[in-house]
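Asker: One structure, pasted below without further comment.
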Amino acid sequence: MNKVLNAIKRAVDIEANSIISLSKRIDSSFLEAVELIDGCEGRVIFSGIGKSGLVAKKISSTFSSIGIPSMFVHPAEAAHGDLGMIRKDDVAILLSNSGSTPEVLFLLPMLKRFGLKIISIVGNVNSELAKRSDVVLDSSVEQEATSVSLVPTSSTTTALVIGDALAAGLIVKRDFKEEDFAFLHPGGAIGKKLLVRVEDLMHSGGDVPVVGKDESFEKLIYEISSKRLGMTTVVNDKGELIGVITDGDLRRAIEKYKDSLFKIKAKDIMNKNPKTIDRFSLAAKAANIMESYSITSLVVIEDNGRIEGVIHMHDILKAGVL
């Protein structure tokens, strides 16, 4: 068993060292690649075969996720009709560890014929692929990570990291924001966190609990229990928010006032500094505020202080924002 654990640790160490070695080779060629991709008016065409092809597909997917039109073209399929997907304003990124993969080399002159600029992620900078590329990104490694050195491990990891590094550079180059990412991922948890706004989840109209500052304790109980939000807003004569009362405030009032309980008014027990938010804020921001103050709801108000609604933590959780 120790031999197995040693092999696992050795593999991790070798791959980690391969990435450290890569970081020392980062040079102007990476900037050239970023400039080519950023200036591309078409799509970024990825191609490779075997494990390099799988890495190419993953990098292509990453590029698409940050708003860079991208697609994978299998080199063998390209020679049998898929070249029709390629246009002269595209840029090609070809992956090959050896730099002498026949299928990839066969694709090269066809891409050149279209006038495409070629970026290669290649493990041999003296290879035929490297020599015929416009930009060469060195993905060479000293060794693979297993005792069977023919299994692509360190080499594929290094190529993948180069793709991620290019994506990181392009994110900065294009000033790509979280909101942009969410726009391209509306169906997932990321999209919900960065796209769902307070107005999408808030209770409004007749569903909002509201009492005047001079309302009786009986009215408070009714309003809080009937609206089922565990709280009620308190407004002045102009309808402006001046406080909130929660079911916790009711319990504390019962303990404090005892026999004189039904003589108190809303203004006597309300929190005069309620936490609020505007309708256009992200629901995730509302959740963060609630967590910070250990509360379960926020009042949604307009600039003039009038109440637009109430958003509750349960609604945020139910919507899958967190």
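Each Cβ is built from the backbone N, Cα and C atoms, and glycine gets one as well.
As listed in TrEMBL for this protein:
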- HIS74: Zn(2+) binding site (BINDING)
- 33-176: domain 'SIS' (DOMAIN)
- 202-260: domain 'CBS' (DOMAIN)
- 270-322: domain 'CBS' (DOMAIN)
- LYS51: site 'Catalytically relevant' (SITE)
- GLU103: site 'Catalytically relevant' (SITE)
- GLU144: site 'Catalytically relevant' (SITE)
- HIS185: site 'Catalytically relevant' (SITE)
Asker: By DSSP, how many residues in the domain 'CBS' (202-260) are helix, how many strand, and how many coil?
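Answerer: Counts, helix then strand then coil: 28 helix, 17 strand, 14 coil.
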Asker: Report the mean pLDDT of the predicted model across the domain 'CBS' (270-322), rounded to a whole number.
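Answerer: So the average pLDDT across the domain 'CBS' (270-322) works out to 93.
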Asker: What is the separation, in Å, between the Cα atoms of LYS51 (site 'Catalytically relevant') and the residue listed as 'Zn(2+) binding site'?
Answerer: 12
Asker: So which one is it: of the recorded sites GLU103, GLU144, which has the fewest other Cβ atoms within 10 Å?
Answerer: GLU103
Asker: For HIS74 (Zn(2+) binding site) and HIS185 (site 'Catalytically relevant'), what Cα-Cα distance in Å is obtained after rounding to a whole number?
Answerer: 26
Asker: DSSP on GLU144 (site 'Catalytically relevant'), three-state: which is it?
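Answerer: In three-state terms, GLU144 (site 'Catalytically relevant') counts as coil.
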Asker: In whole Å, how far is GLU103 (site 'Catalytically relevant') from GLU144 (site 'Catalytically relevant') when you measure between their Cα atoms?
Answerer: 23
Asker: Taking the Cβ of LYS51 (site 'Catalytically relevant') as the centre, how many other Cβ atoms fall within a 10 Å radius?
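Answerer: Within a 10 Å radius of the Cβ of LYS51 (site 'Catalytically relevant') lie 16 other Cβ atoms.
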Asker: Within the chain of HIS185 (site 'Catalytically relevant'), which residues six or more apart in sequence place their C-beta under 8 angstroms from its C-beta?
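Answerer: Listed in sequence order, they are SER65, GLY191.
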Asker: So how many of the residues in the domain 'SIS' (33-176) end up helix, strand or coil by DSSP?
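Answerer: Counting residues by DSSP class gives 66 helix, 23 strand, 55 coil.
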